[in-house]
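Q: TrEMBL lists 41-287 with the feature domain 'G-protein coupled receptors family 1 profile'. According to TrEMBL, the transmembrane segment annotation covers 23-47, 59-78, 98-120, 141-164, 205-225, 237-258, 270-289.
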Amino acid sequence: METENRTVVTEFILLGLTQSQEIQLLVFVLSLIFYTIILPGNVFIILTILSDPGLGAPLYYLLGNLAFLDASYSFIVTPRMLVDIFSEKKVISYKDCITQLFFLHFLGGGEGLLLVVMAFDRYIAICRPLHYSTVMSPRACYVMLLAPWLGGFVHSVIQVVLILRLPFCGPNHLDNFFCDVPQVIKLACTDTFAVELLMIFNSGLLTLVCFLGLLTSYAVILCHVHRSASEGKNKAISTCTTHVIIIFLMFGPAIFIYTRPFTALAADKVVSFFHTVIFPLMNPVIYTLRNQEVKTSMKKLIIRHIVC
């Protein structure tokens, strides 16, 4: 069979998360609650960090970026999913599907790399405190903030380029509630084995390596903290524990989805739902609830606006 792009499919029909009306209503209510309550909370975190000069440490700029990435990520899937729940025919154009897929992996890949940068920041702050101001200089911080965006962009471009080369000439029923690599590839009318291996290497292996690297780095940090007798021991343990929770929320579902051959499993849609809708909104909030400085600044900001 010829392998050049012969795309004639102009739209995909999304089969949705479930066919049960009751479950769809539950999903709608749950998603709407998270979207209308926690999303403004993420925006408030960003405004707090930007408005408080006392939160000028690199850690808080990284947290602000995490909140921004997660807030942006939530716009990719959730709004359309909420509308599609009440649509009889869930249709997405080929171009919109590719666009959704691009931003999904652009922001998702960027967030994964940002967590690596946050781990490096904590390692220097806790294990090499005397070198912190030198290593985490303003110029180095700008580079570290730019690197996740650039890495996520490159990662996503590779995904999109591989998909654009595939011919889509017949089946257009996408067994999901949004466009993602595993389901889209299966609709190509050609042998996709080589492409699937490339995708697993680009997404799955990268995700797994980052995950194991992060766990190793935080294990080293926690061992160092446990052996030390410094006054900030409890604070360091609390911060690192929170980071580890976020790592599991971020990488656990991603490893499940992208590190295996693209065969459909019953749990795929449920895992994807939490990975794309629920967890991204929760990540910055989980961190903020464990960070006393940010909570104090948020209270001051609220009081200031009430007084004004």
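Each Cβ is built from the backbone N, Cα and C atoms, and glycine gets one as well.
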Q: For the domain 'G-protein coupled receptors family 1 profile' (41-287), what is the mean per-residue pLDDT, to the nearest integer?
A: 88
Q: Please identify the stretch among 59-78, 141-164, 237-258 with the greatest number of Cβ pairs below 8 Å relative to the transmembrane segment (98-120).
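A: Answer is 141-164, with the largest number of Cβ pairs below 8 Å.
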Q: Among 59-78, 141-164, 237-258, which stretch has the highest count of C-beta pairs below 8 Å with the transmembrane segment (205-225)?
A: 237-258
